[in-house]
Amino acid sequence: ACTGIENIDEAITLLEQNNWDLVAAINGVIPQENGILQSEYGGETLQGPAYGPTSHSTAASSTPSSSSAFRHVVPSRQIVERQPRMLDFRVEYRDRNVDVVLEDSSTVGEIKHILENELQIPASKMLLKGWKTGDVDDSTVLKTLHLPKNNSLYVLTPDLPPPSSSSHSGALQESLNQNFMLIVTHREVQREYNLNFSGSSTIQEVKRNVYDLTSIPVRHQLWEGWPPSATDDSMTLAASGVTFPCHRLTVGRRTSPVQTREQSEEQCTDVHMVSDSDGDDFEDATEFGVDDGEMFGVASSALRKSPMMPENAENEGDALLQFTAEFSSRYGDCHPVYFIGSLEAAFQEAFYGKARDRKLLAIYLHHDDSVLTNVFCSQMLCAESIVSYLSQNFITWAWDMTKEANRARFLTMCTRHFGSVVAQTIRTQKTDQFPLFLIIMGKRSSNEVLNVIQGNTTVDELMMRLMAAMEIFSAQQQEDIKDEDEREARENVKREQDEAYRISLEADRAKREAQEREIAEQFRLEQIRKEQEEEREAIRLSLEQSLPPEPKEESTESVSKLRIRTPSGEFFERRFLASSKLQVVFDFVASKGYPWEEYKLLGTFPRRDVTQLDPNKSLLEVKLYPQETLFLEAKE
């Protein structure tokens, strides 16, 4: 009320510059000719009308006993010299930016003189645009415009030809691939829209998109700020001469002339009769709920845009591919990375990995019939800060709710995954409340919808709500990480115990198998030994039975008496006929358990190996007659 400033952001900026001193902030912007205001805190005075309900209440509030944080100011004739206020201007001209700093006591013409030296353009050829209060002349004092500290302006030079270039076609081709930011001011409501368009977009497409935002039909739009070369709505932005990367435009509704009863009768006698009860022109069909496209029975949005998503798409991944491609063609390549796949696959990606890798799920619900959609997509979703934050912390999935079949399909998915309450909430949302942004957090037993963000928001508010959801998610994630670490620690201990038990079982099994093999080997060896013993015993018995009978001592034949010592020290004796072969002695020794293959029979005097002699010779021939002592020795 004191300064005439209605922009809250500008007011807050002024308060911050003055360290939140309300009196100093007012003193810095109020015109001096309006009078003087005085603060009781230090005798300061400022220009302006005296405030207070009445003189009586003003005097009462100024007493020392008042507990108010701010006191009413009273008139005073004392004038304190006011410090000059510095204003910063960033001026855009084609591909250049010039920063200008001036006192608020300077004029608009002084800005032009500074730009004349910087840009080498005559001041008389400049049109300095971007003033929030409308067009101003060169003699206007900046202080009277009540400007904030930081301001953005742009220069137009309609009387100067564009700079020539030998590679004009190459530059034009490059411009077609660039993105232009059009800052469009709606004159009637004093609202700005920042719209991103590719260089290949036409002026007609811009006007149709502005119709979505302002509800002003294209034929009723009155524009300011288009370059003189932009004479045809079919021209592309790259060829129209608009400033890159930003260009300011102003749009308003074209005023229809008031027709008198006679004019109406003259113009409408052949086809229409226009009622004289209303002074508005009948051609403004939007007043009757009909826009340019609907006059012909076709929705205007259908004439302007191809659908974001096919109706009754069988595969959700293919539908998301078309959605992403169409979104890029409308709003540029700087947009969230949409997950390509079904909603179930998006859940799997966001919620069912390791706790440290989990993310929030953001579901963007698009609706082409909402007037907020274009602004939300171009200014919110395509803002670099939002894109970066979503890519780092969210899995972003999208769906188009424009077609009824797609809307019903999503509500079915929503009921299955989130429950009927959330589905009903989305079902009751009106078209103008779209687009919606759902923030989903996965929990152990269910999926929780943390936030439903409607399209009528700002970048700062959207970022704040995303960060608030992230705080809730981070707290839950830390608990999940702790639980997961404890579970993994328990599982590691269990795995170690299982591994130790397995190793112990394998060692026991190996030991048992070794014992079993040893027993089996012993059994096998015992069997072999028994078989060998049985074989030896059979041989011994066979040899014993084959021996000739022992001759008697009184035999008339020559008899040789042999005494044989065993390795154990025992002796056994037997008489043999002197004519008996040496083999008979070997058989006798073998029948006692000492086969000549394992033992050798040695003589004493002289020492000789009897087993080396010819076994077919007689005892007499080998000189074992009449008696001899022999001993057995195991062969090596």
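Even glycines carry a Cβ here, placed using N, Cα and C.
Caution: TrEMBL annotation is automatic and unverified by curators.
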Inset, instruction - Among 47-70, 143-166, 239-262, indicate the range for which TrEMBL gives the feature region 'Disordered'. - result: 47-70
Inset, instruction - Select from 478-498, 541-561 the stretch of residues annotated by TrEMBL as region 'Disordered'. - result: 541-561
Inset, instruction - Report the DSSP secondary-structure composition of the domain 'UBX' (555-632) as helix, strand and coil residue counts. - result: 13 helix, 29 strand, 36 coil
